[in-house]
Amino acid sequence: MAKTLSKPASGALAPWLGISLIVILFDQLSKIAILKTFAYGAQHALTSFFNLVLVYNRGAAFGFLSTASGWQRWAFTALGVGATLVICFLLKRHGHQRLFSVSLALILGGALGNVIDRLVYGHVIDFLDFHLGAWHFPAFNLADSAITVGAVLLIYDELRRVRGAR
């Protein structure tokens, strides 16, 4: 007899918060490992297009507002906390929608991973450095990756929903 996965009841936050917690755990452990292993700015080439490098981001994605006077730390922390509240509300309300909830759980875990950095260190720790020759994509971390994957899944879920409504 084949087992089927039951859908979490609407209002069941535990499975989705569990996913977020796993993201936070891997994100924070990876950052601790980089902090213990690398000096600031030190690079270690793993392939011809990928390095590990320890950098600090005081701004947002792509270093946006990283040179501001310091207010951005608290603004982005508040934004992350606000996003957490909205996402928890949405998860409580739509927990039965699997893909939607997984995408939100990934975004939540990533957002909280970066909020933790801002509160503990005053900046976000980035270390994944993809490059093509001398051109480097801005360094990022596992929390950023979870946010990106969650956003892509959210867009896919919405496109699927809209197409299904036709």
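Backbone N, Cα and C atoms are what each Cβ position is placed from, and that goes for glycine too.
For 9-29, 45-65, 71-91, 100-120, 135-155, the entry in Swiss-Prot reads transmembrane segment. Residues or ranges marked as active site in Swiss-Prot (evidence: sequence analysis): ASP126, ASP144.
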- Task: Residue list, the transmembrane segment (71-91) vs rest of chain: Cβ under 8 Å, 6 or more residues beyond ends.
- Result: 13, 16-17, 58-60, 65, 100-101, 104-105, 107-108, 111-112, 114-115, 118-119, 122-123
- Task: Could you say whether, by DSSP, ASP126 (active site) belongs to a helix, a strand or a coil region?
- Result: strand
- Query: How big is the Cα-to-Cα gap, in Å, between ASP144 (active site) and ASP126 (active site)?
  - Reply: 9
- Cβ neighbours of ASP144 (active site) where a neighbour is any other Cβ within 10 Å: 21
- Item | Cβ neighbours within the same chain of ASP126 (active site) - under 8 Å, at least six residues apart | VAL55, TYR56, ASN57, PRO138, ALA139, PHE140, ASN141, ASP144
